[in-house]
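Trainee: Before anything else, here's the structure in question.
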Amino acid sequence: MATDPRKILVTCALPYANGSIHLGHMLEHIQADIWVRYQRLRGNDVNFICADDAHGTPIMLKAQQMGISPEEMIAAVSEEHQKDFAGFDISFDNYHSTHSDENRELASHIYLELKKNGFITSRTISQLFDPEKEMFLPDRFVKGTCPKCKAEDQYGDNCDNCGETYSPTDLINPKSAVSGATPVMKDSEHFFFDLPQFESMLKEWTRSGSLQSETANKMQEWFESGLQQWDISRDAPYFGFEIPGETNKFFYVWLDAPIGYMGSFKNLCNKRDDLNFDEYWKKDSTTELYHFIGKDIVYFHSLFWPAMLDGAGFRKPNNVFVHGYVTVNGAKMSKSKGTFIKAGTYLNHLDPECLRYYYAAKLNSRIDDLDLNLEDFTQRVNSDVVNKIVNLASRNAGFITKRFDGKLADNFVEPELYNEFIAAADRIAELYETREFGRAIREITALADKANQYIDEKAPWVLAKEEGKEQELQEVSSVGINLFRVLMAYLKPVMPELAARTEAFLNETLTWEGVAQPLVAHEITKFKALFARIDPKKVEAMIEESKEDAAIEMAAKEKAEAEKEKASQTELDKDPIADEIEFDAFEAVDMRIARIISCEEVPKANKLLKFQLDIGGETRQVFSGIKSAYKPEELEGKLTVMVANLKPRKMKFGMSEGMILAAGPGGKELWILEPHEGAQPGMRVM
């Protein structure tokens, strides 16, 4: 008996809106998309949503560095993110932003409900404060020397060198990463979510049996160490939502970020008449809610998020599906090695379905890291998808289209073999449901091996050359096409584009239940190449582009740091005062007021301007290297200061009879000295 479709809401963690999507992000989004597509293939009602996490100090500061508003920056990043996800066929029903009216309304509502119910407290805390930028500094915006190993230039929360964790106040010689100033301690009132009040509820939720064992075990460790109140506020300046009823106080980004799931769904509900927000989020909802996240944010999703929802009168997630990190070639992704690969860079060179297949082949339901070994990636995709699966169609389609006008045989001659393929449906379905995608792929490729073994044994290419074997040729080739059809129905959640091309070739929509019966007397279309092999040269080109991107990014970062360092220096830092001289030496220099009678460019000279100067009854010709800073017509008629007793110097372009005084580091940053109009040509400068 048919059961009612399940109503499911699925989310991915919200990418932060200050950078590009990379292949580490794509693991989660591909994993979730495969699960979502499987559920849809089985007839379930799934809404798949995401958004950009668009608040916080890093976004505010990066926008300042770029000279644009945070709103402009997050809009551009959102456009890039959505383009990348679309490129990988991530089938979101809605992609929104935490910087939205829906999210502001929901964040305020949840906060006020928590406050009304006694779950919000406040107290004064002391924090490091940048006196130049007049802002409190998050841990990652303080740098200094590690208190344990003494490594320099370490962040305020942990040391990259020795792994020690600490408070920013523990750093030796701390400096603001924003301005370079030495931070000071300053008091401020902050607001806290009283997480310990939810300990019994969270323990019960943990013992429900639905969470991954690794997550449940980690939560037990946190319970044993004691739950702490959670600081949910930040002081101005801050890019985010102001806390209702407070001045210059903002929600910490991690309060409104998970509420972004609700905000994105609310936005989707506003676009559609068939969705009811409360049906999915009310406390007694019978719909299903699942979050796909990385292991680095388990703390927020398994403790704070369900507690916030419960305290504000909303339902909790059915489960939080956690995955590990992505490594490349057995190591952490590296920009210098070109293995820190952006999604857009990958799409410039390779088919997204290749990565979807490879990730699926290695994914399981545990919190294991996944290694993207690029050599294995090439070999596995070419071996499995091209040689085993797609080749099954290409080996048989030509006989059907050329010899039988594209028509499959009127009867199916291998029912036992076909039933073996169909019998695997329940096993593969269970593996998809439980996110054991790697095992599902192994089941599918094992079936592909059996299908190819059958074709090898029947050898249709031999039958095609023998007289009187026409019917057998059609029947054998039809079996091959039908077995390929079943395999592609099973692979449809993983490789939707290949499935779509297969549907066009078969002249049929692939459904899970529809392949239970083979196609007989069915007309297919002319076979076209369905899938291309991975060319190792394209993988190499992707790595090279990643290296180039990293080099450009590093150069820009170094330039920005140099400019920041330069801006923090005084003029004396840049150009220290020269050694002392005796007064007589200074008195020997005769400086006079001069009026610029004329000024002109010197042909074939890159830096020089030619001046005629009136120094009070005498005219002097002087050459000065300030062409990069001034146009000649800007200077004519102005007063300036010259060294009048400098020995004349014969130059290529004529005799220079003195020196005009100017200040500045050079280039366009030069300024001639201009005395007040009361000064007259010829007056001595004392």
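Placement of Cβ uses the backbone N, Cα and C atoms for every residue, glycine included.
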Trainee: Choose the correct range: of 15-25, 169-179, 213-223, 268-278, which one does Swiss-Prot annotate as motif ''HIGH' region'? Give that range.
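Mentor: Among 15-25, 169-179, 213-223, 268-278, the range Swiss-Prot annotates as motif ''HIGH' region' is 15-25.
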Trainee: Of 187-191, 242-246, 332-336, 432-436, which range does Swiss-Prot call motif ''KMSKS' region'?
Mentor: 332-336
Trainee: Which of the binding-site residues C146, C149, C159 has its Cα closest in space to the Cα of K335 (ATP binding site)?
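Mentor: If we rank C146, C149, C159 by Cα distance to K335 (ATP binding site), first place goes to C159.
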Trainee: List the same-chain residues at least 6 positions away in sequence whose Cβ sits under 8 Å from the Cβ of C149 (Zn(2+) binding site), in sequence order, or say none.
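Mentor: In sequence order, C159, N161, C162, E164 meet the Cβ cut-off.
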Trainee: Can you name the residues of this chain that are 6 or more positions from C146 (Zn(2+) binding site) yet have a C-beta less than 8 Å from its C-beta?
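Mentor: E152, Q154, C159, N161, C162, E164, Y166, L171, I172 - these are the non-local Cβ neighbours of C146 (Zn(2+) binding site), listed in sequence order.
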Trainee: Determine the mean pLDDT over the domain 'tRNA-binding' (585-686), rounding to the nearest whole number.
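Mentor: The average pLDDT of the model in the domain 'tRNA-binding' (585-686) works out to 91.
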Trainee: By DSSP assignment, list the helix, strand and coil residue numbers for the domain 'tRNA-binding' (585-686), in that order.
Mentor: 7 helix, 46 strand, 49 coil
Trainee: Mind checking how the motif ''KMSKS' region' (332-336) divides into helix, strand and coil residues in DSSP?
Mentor: 0 helix, 0 strand, 5 coil
Trainee: When a 10 Å sphere is centred on the Cβ of K335 (ATP binding site), how many other Cβ atoms does it contain?
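Mentor: The answer is 15 other Cβ atoms.
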